[in-house]
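Listed features, source Swiss-Prot:
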- TRP16, ARG36, ARG37, LYS106, ALA136, ARG251, VAL271, GLU273: NADPH binding site (BINDING)
- LYS106, GLY132, LYS187, ASP240, SER250, ARG251, ASN252: sn-glycerol 3-phosphate binding site (BINDING)
- LYS187: active site, proton acceptor (ACT_SITE)
Amino acid sequence: MSLGGGNVPVLGAGGWGTALAVAVTRAGHRATLWARRPDFAARLASERENGEYLPGVLLPAEVSVTSDLTHAVAGADFALVVVPSVGVPDLLAALPRDLGIVLCAKGLAPDGGRLTDLARSLGFARVAVLSGPNHAEEVGRGLPAATVVASADLELAGKVQATLISPTLRVYTSADEVGVELGGVLKNVIALATGLVDGLKLGDNAKAALITRGLREMGRYLVSQGAHEDTVYGLSGLGDLVATATSRHSRNRAAGEAIARGEHPQQGGKVVEGLRTAGLLDAWASAHGHDLPIVHAVAKVASGEWTPDVGIRSLMGRGAKSELEE
């Protein structure tokens, strides 16, 4: 499926938005990168490099930059929405309802619900989610990577696939929108926990145990929400968890490490989705009687109610059980 070199709006000029705009050009298309701040957009257009969020990656000539949202989406079939989750509601409210929406943030709506549900509640009929083990620093440089676009609208998923697939980026489609979206949400919390382990210098055994039990916790939650179990072990589940929990590029892992050292978890103004997600998921689990022990521990530590040591002890002190026990 080809777009014939058409223009693709990329709404959000952070690191991931910038990397996706560059990826669009590698697939043979033009991209319009929208930045909310006019001064920032002007600087990007002039310098051709996002020194604030993705230094070292130059914007190709096929990427235009604007702060005019109407201009950015004019004539487009769909747009990649790449702002942090807290900014998604306001951005969606300003977009035409016949536009296809591809959500690229790995977070939850303000009420703790799914961003795809929020988009549909606002009147968007064509909605998809893009997720996978994709660090902007590597995708922007053209290092090999793979990702998943999921939607109930398979035609839209196919168009997004054609927009991004290239010799350096494998793009798979999926009909499991719930699993792909929520896998990207929950892995951020598990990555925060692995950062706590790193910051406390608890060793490789502890990290391996945390990641493995975290995957189990992810699986229970995703399946309870209607996801396919196979998705848990795909790129948007296990793949994204491995990348986020182990990489030096991971904001969430770095935030957990910073908390363990007694430092502020958000550095350089970059959004750490897992900090907010942990509290929302913990509140949901408590209200619905679900056992998400790692999420609970991270939420308590992130809120300052528990120290990192107390959080780890809460996990190590749980009752004895079978490994496969729910």
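Any Cβ shown, glycine's included, is placed from N, Cα and C.
Small disclaimer: the values here were computed from a predicted structure and weren't measured.
Annotated features, which come from Swiss-Prot, shown on the structure.
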| residue | record | DSSP (3 states) |
| --- | --- | --- |
| ARG37 | NADPH binding site | coil |
| LYS106 | NADPH binding site | coil |
| GLY132 | sn-glycerol 3-phosphate binding site | coil |
| LYS187 | sn-glycerol 3-phosphate binding site | helix |
| ASP240 | sn-glycerol 3-phosphate binding site | helix |
| SER250 | sn-glycerol 3-phosphate binding site | coil |
| VAL271 | NADPH binding site | coil |
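Cβ neighbour count for ASP240 (sn-glycerol 3-phosphate binding site) (all protein chains, 10 Å cutoff from its Cβ): 27. It is ASN252 that, of the binding-site residues SER250, ASN252, has its Cβ surrounded by the most other Cβ atoms within 10 Å. Rounded to the nearest whole angstrom, the C-alpha distance between ASP240 (sn-glycerol 3-phosphate binding site) and ARG36 (NADPH binding site) is 28.
In sequence order, the binding-site residues near GLU273 (NADPH binding site) (Cα within 10 Å of its Cα) are ASN252, drawn from GLY132, SER250, ASN252. For the binding-site residues listed here (ALA136, VAL271), the lowest count of other CB atoms within 10 A around the CB belongs to VAL271. In this structure the alpha carbons, written CA, of ARG37 (NADPH binding site) and ASN252 (sn-glycerol 3-phosphate binding site) are 25 Å apart. Listed in sequence order, GLY12, ALA13, SER67, VAL83 are the same-chain residues at least 6 apart in sequence whose CB falls under 8 Å from the CB of ARG36 (NADPH binding site). When the binding-site residues TRP16, LYS106, ALA136, VAL271 are screened for a C-alpha within 10 angstroms of the C-alpha of ASN252 (sn-glycerol 3-phosphate binding site), the residues that qualify, in sequence order, are VAL271. In the shown protein chains, 11 other C-beta atoms lie within 10 A of the C-beta of ARG37 (NADPH binding site).
Just so you know, of the binding-site residues LYS106, LYS187, ARG251, the Cβ with the fewest other Cβ atoms around it within 10 Å is the one at ARG251. Comparing ARG251 (NADPH binding site) with GLY132 (sn-glycerol 3-phosphate binding site), their Cα atoms are 15 Å apart once rounded. In space, LYS106 is the closest of the binding-site residues TRP16, LYS106, VAL271 to GLY132 (sn-glycerol 3-phosphate binding site), judged by Cα positions.
Spatially close to TRP16 (NADPH binding site) yet at least six residues away along the chain are VAL82, CYS104, ASN134, ALA136, judged by Cβ distances under 8 angstroms.
Around GLY132 (sn-glycerol 3-phosphate binding site), a 10 Å sphere centred on its CB holds 25 further CB atoms from the protein chains shown.
Residues LYS106, GLY132, LYS187, ASP240, SER250, ARG251, ASN252, recorded as binding sn-glycerol 3-phosphate, reach a greatest CA to CA spacing of 15 Å.
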